[in-house]
Amino acid sequence: MEKVLIHLEDFTMAYTDIPVIWDMDLDIYEGSITAIIGPNGAGKSTLMKGILGLMKPISGKVSIMGKSYKEVYKQIAYIPQTTTVNWNFPTTVIDVVTMGRYAGLGLFKRVNASEKEKALEALKKMKMEDFASRQISELSGGQKQRVFIARAIAQNALIYFMDEPLAGVDKKTENIIIETMREFKKEGKTIIAVHHDLNTLCEYFDHVIMVNKQLIASGRTEETFVKENIDATYGE
Amino acid sequence: MNISIITQYSFIVVAIGTMLLAMATGIVGTISILKGQSLIGDAVGHASLPGIILAFMISGRKSSLILMLGAIVAGIVAFLLIQIISEGSKIEADTAMAVILSAMFGMGMVLKSYIQGNPKYQGASQSGLASYIFGQAAYILREDVYIILTVSIISLALFILFYKEIKVYVFDMVYAYTIGINSRLTSLLIMIITMILIAAGLKAVGAILISSMLITPAVTGLQWSNSYEKVLVIAAVTGAVSAFLGTFISSAVKGFSTGPSIILIMSVIALFSVLFAPRGIVRMLLNIRKMRVGK
């Protein structure tokens, strides 16, 4: 029996008066690699932001490991679509990844050598160690994405939220990211990712959440990603 | 030019004050620039003038501390007005700043000329109030240096204490949220640090030029390095060096006032950096040319 990690109840979200996410009841399972799929504007990123408390829902509640986000945020890493970063900020790749250690450090504590060591390990996993002293804004899109995933690895969380981690990255980066997701799973971690490419869905993800403003279906990919649900999600 | 000035008591007092202030403003100024709010120092600086005059009118004294508190209160009022206008209306923040800046500075000038001819305020000496507009480091007293010293140390201590939080907040606000950094508190902290530094520096540099103290050394720092730590060190050092040289020149050469001299030196260094530093214009043009030739 699969164990529920994240539970949503009557979850409704809106930017204006029109709901983007409508009355969702949803379970996400521990140790899964779960994709959130749906057409453009279906509310995939919004759903993720809602679970993380980055946007407040109009109604409903989220529980993560039976608790609120604020109680468990240290166990959660989030990799947004990279647009939220201030690219003018003078900082190197290793410096950005070291920020992944800040959550565990707490207030006033300084970064020491062992934190840098852990950051470098994370960077090696993403095969980016040669770029450690590069300025972050000089990297390509795929390289940037790998740096932010390295930062999330350095965070050593239990749950990883990724908003389109594979969008616009090269094949090499895609392979490295998928390999990392599988490693996470082996370590008992959970990955939730917004995903676009339906061709790779079954290969990469064992669970899927299909949304189009409301929840269409969710569950194991092979049982859920079927014609009937696909039509309901992407059809008119 | 008389080198022996360096050993004079009054020179040492003023130099220590301006150097410490410039170090602190240089460091804190990097935040304003990186957050895209370079004008905030200008707005708060100008807006502090009516606060100073009102503090004088109410207290009837020219105590540096009381006038500084007046400046801080006016600065906070200006800051809140800018926030309310830019968030509550379709007016952009930079427009709101420009409006508030000139409105409050104008109010300060009106108040100042009002008390000048007013017999009610004749009892207390008003001379020196004008120094808050253009800055007059020669008027800096020991009391002022103590204030600058205290404020600079408090600001630097807060910056160092919350360094991680400030850095992540400026670099990536969403990430800051996800690792539990309170963005409201962090931005409040940054505002307080900026505000008290501006208020403390007004007498030495003046309401009009104080924002250069925040922005100019920080601009220099940002041209030279890809590491935020190094940027901070460079900003602090150029701030301190400019303050020392500016204070020296104004003491040695008749007719040079301290604030403008400091700003002028800072600006020359910044201009040089913008042109020739590793992240400067010349290097960028050379790189483009190299790429073209390479093709």
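Glycine is treated like the rest: Cβ placed from N, Cα and C.
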According to TrEMBL, which of these ranges is transmembrane segment: B:191-210, B:231-250?
B:231-250
Does the structure show the transmembrane segment (B:146-163) and the transmembrane segment (B:12-33) touching, where I'm treating 3 or more Cβ pairs under 8 angstroms (sequence separation 6 or more) as a contact?
yes
Near the transmembrane segment (B:262-282), which same-chain residues lie under 8 Å Cβ to Cβ, leaving out any that are not at least 6 residues past its ends?
18, 22, 205, 209, 212-213, 216-217, 219-220, 222-226, 238-239, 241-243, 245-247, 249
Are there residues at least six beyond either end of the transmembrane segment (B:12-33) with Cβ under 8 Å to its Cβ atoms? List them, or say none.
6, 40-41, 137-138, 140, 142, 144-145, 148-149, 151-153, 155-156, 159, 166, 170, 190, 193-194, 197, 200-201, 204-205, 213-219, 221-222, 228, 231-232, 235-240, 242-244, 246-248, 251, 258, 262, 266
By a Cβ-Cβ criterion of under 8 Å, what residues six or more beyond either terminus of the transmembrane segment (B:231-250) are in contact with it?
5-6, 11, 14-15, 18-27, 29-30, 137-138, 213, 217-218, 220-222, 224-225, 256-259, 261-266, 269-270
